[in-house]
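Heads up, the thing below is written out as structure tokens.
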Amino acid sequence: MCHLGPLIGCVPLWCFRGWAKCFGCWRVAMMGIFSKRPAFLAPTPERTKEEKAFVRRLDIFLMTFGCISQVIKYLDQQNINNAYVSGMQEDLSLHGNELNYFTTAFNISYCLMLIPSQIILTHVRPSFWLPGLEIGWGILTGLMATVTSAKQVYIIRVFLGAFESSAWPGMMTLFMHWYTPTELAKRMGFYHSCQAIGNMMSGGLQAAIMRTLDGNLGLEGWRWLFVINAVVTVVWGFLGVVMLPDYPNRRNPRAFWFSRDDQELAIGRLIRYKRAEPRGVTWESFKRTFSSWVVYFVAVLYAGTVLATYGYVYFGLFLKAQTRPDGSKRWSTEEVNVIPIGGGAINVAFVWIWALLSDALQTRWTLIVAQGIIGLIPCIIMSIWTSHPTSVPVSAAYASYFINYVALGTAPLIFAWLSDLIPQDPEARSLIVGVAVAG
């Protein structure tokens, strides 16, 4: 992601038209951001019995598909780390920095595909696009079980990044179309917490596989991890074709649970909360998005509070590197996979807490700032420990990893806030989510 200064410096002239109007928008937005009771959280009419039943169905189908898909996605993403510390490094003769390079290959293609995928999502039915990508990355995950060299891993990781790019931002974008401001933060928080659940399950699954399947049918335990992930991913991807409702104004005819009466109710909810119906991204909406302050504000906020805390992904490598005074490894392979599960549990609990507080206290930004301050603590500790390890006890390094998990709940609040800031511009919301996550 470009920094704000260079972006402004290379923006075309159309970005500077109507700054008086832009200033007015900024003033209104700031009033909404810092007022005691934002307009979007004002008292709302009591929901009817039919509306409550409709929201329950949304939760059963849309949320369930999204959450399980997210668990599977993070199983698939995390399994490279678990496999690496469970025999993959030795079996493929990989050197110390190879895991970082695998992650870099994945991240580059992931970032490059994010915005195109978000644009495609506004033109192609989500019930085709998102499950289709999931089936694709499931097949690629299965191919990871067959690799015999680092080169093959790089190739698969590049394609995996491209296929997985729209899963998280795509679902977050869909939630903005279906849930109201008083429903959105909780759903986004629960969905986001499934990342940690996937990470937790990956460690436990790898530990169980090493005990039970290692060597079966001539496959090492780490290869079985990819096989099992692949089967689950492909099966769940096919179910998404009937579980996703598409958009309120473009009903999925294969979604047996979503009737035309539900569609009318969904459109009525959009109107009630002054939200525009979903539309496809055009060149005009692209220009409008990037001439607004919101895209830069959200991108910088996301990078500073979400991406800056990603050091926790190296917890497994940190544990594997720890040794006793006699030089023997402090933690077994099973323990290296299991210990981070505790951090994942902290992550899940606090993502839910932050999201529930956001609705209960009727605020987004204050809780984002609070998490940012907490997130500084492990960053400072690890910066000192890595450069001067003798000046900081190793126990502080352990503590910093676990503290990090407390501050991983900003993303749902940021995008719930985004939905409140620009309710009338669904195309901009789709693009901004892609830009922010591309970080």
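Each Cβ is built from the backbone N, Cα and C atoms, and glycine gets one as well.
Unlike curated records, TrEMBL annotations are generated automatically.
Taken verbatim from TrEMBL:
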type	residues	note
DOMAIN	62-439	domain 'Major facilitator superfamily (MFS) profile'
SIGNAL	1-20	signal peptide
TRANSMEM	127-147	transmembrane segment
TRANSMEM	154-179	transmembrane segment
TRANSMEM	222-244	transmembrane segment
TRANSMEM	293-318	transmembrane segment
TRANSMEM	338-358	transmembrane segment
TRANSMEM	365-386	transmembrane segment
TRANSMEM	398-419	transmembrane segment
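Residues 69, 72-73, 76, 79-80, 83, 92, 117, 120-121, 153, 156, 159-160, 163-167, 170-171, 219, 223-224, 226-227, 229-234, 236-246, 252, 254-255 of the same chain, all 6+ positions outside the transmembrane segment (127-147), place their C-beta atoms under 8 angstroms from a C-beta of that stretch.
Per-residue confidence over the domain 'Major facilitator superfamily (MFS) profile' (62-439) averages 89 (mean pLDDT, predicted model). Among the stretches 293-318, 365-386, 398-419, the one making the largest number of Cβ pairs under 8 Å with the transmembrane segment (338-358) is 398-419.
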